[in-house]
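> Please find one structure pasted underneath; my questions will follow.
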């Protein structure tokens with residue numbers, strides 16, 4: 001009932017060699033993930049940012065990697081949006097360094113995600129050419145996380161922690 005499989009002796013590794021290789025591979029993946037997380041272009045340092053985001057392509061079950069986005073603040077006197085920064089999500093769909101704590105003041109903000117370009121890059125069309133999430137900050141000393149859950153025909157967001 002059971003099939004015997006003969007492996008060449010040259011390919012066998014001891015248990016400690018297998019464990020060592022497994023740990024080395026895991027450490028490499030963690031290092032690559034951390035390096036990718038810090039590669040949001042034109043953004044503040046991730047450690048200092050009180051505002052983070054995470055894009056998830058829920059239709060495919062993958063992070064929304066390499067999506068262009070921009071952060072704006074409303075000038076209430078002139079009623080115009082001022083561009084604060086632009087960037088691109090990393091391979092994990094995150095862009096943690098959106099704004100420095102010093103620049104994060106009370107006011108109305110807009111985080112714009114270029115969803116049309118993202119789906120076009122995947123060879124797909126989508127219903128929403130962009131998504132703008134507008135929110136008010138009254139306590140800038142707090143941490144704010146704004147995830148975007150996305151498919152070609154729907155999206156949702158919420159304030160995370």
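Cβ atoms here come from the backbone N, Cα and C positions, even for glycine.
No curator has checked TrEMBL annotations; they are predicted automatically.
Annotations per TrEMBL:
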DOMAIN    46-160  domain 'Transthyretin/hydroxyisourate hydrolase'
BINDING   54, 94, 158  substrate binding site
> Might you list, by sequence position, any residue in that chain lying six or more from residue 158 (substrate binding site) with a Cβ less than 8 Å away from its Cβ?
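Same-chain residues close to residue 158 (substrate binding site) (Cβ under 8 Å, separated by 6 or more) are 146, 147.
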> Please state how far apart, in Å and to a whole number, the two most distant Cα atoms are among 54, 94, 158, the recorded substrate-binding residues.
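Value for the max Cα separation, rounded to a whole number: 15 Å.
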> Determine which residues of this chain, when 54, 94, 158 are set aside, have a Cβ within 8 Å of the centroid of the substrate site's Cβ atoms, and list them as they appear in the sequence.
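Neighbours within 8 Å of the Cβ centroid, excluding 54, 94, 158: 52, 53, 55, 56, 93, 145, 146, 147, 148, 160.
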> Would you pick out, from the binding-site residues 54, 94, the residue whose Cβ has the largest number of other Cβ atoms within 10 Å?
94
> Averaging the per-residue pLDDT over the domain 'Transthyretin/hydroxyisourate hydrolase' (46-160), what integer do you get?
95
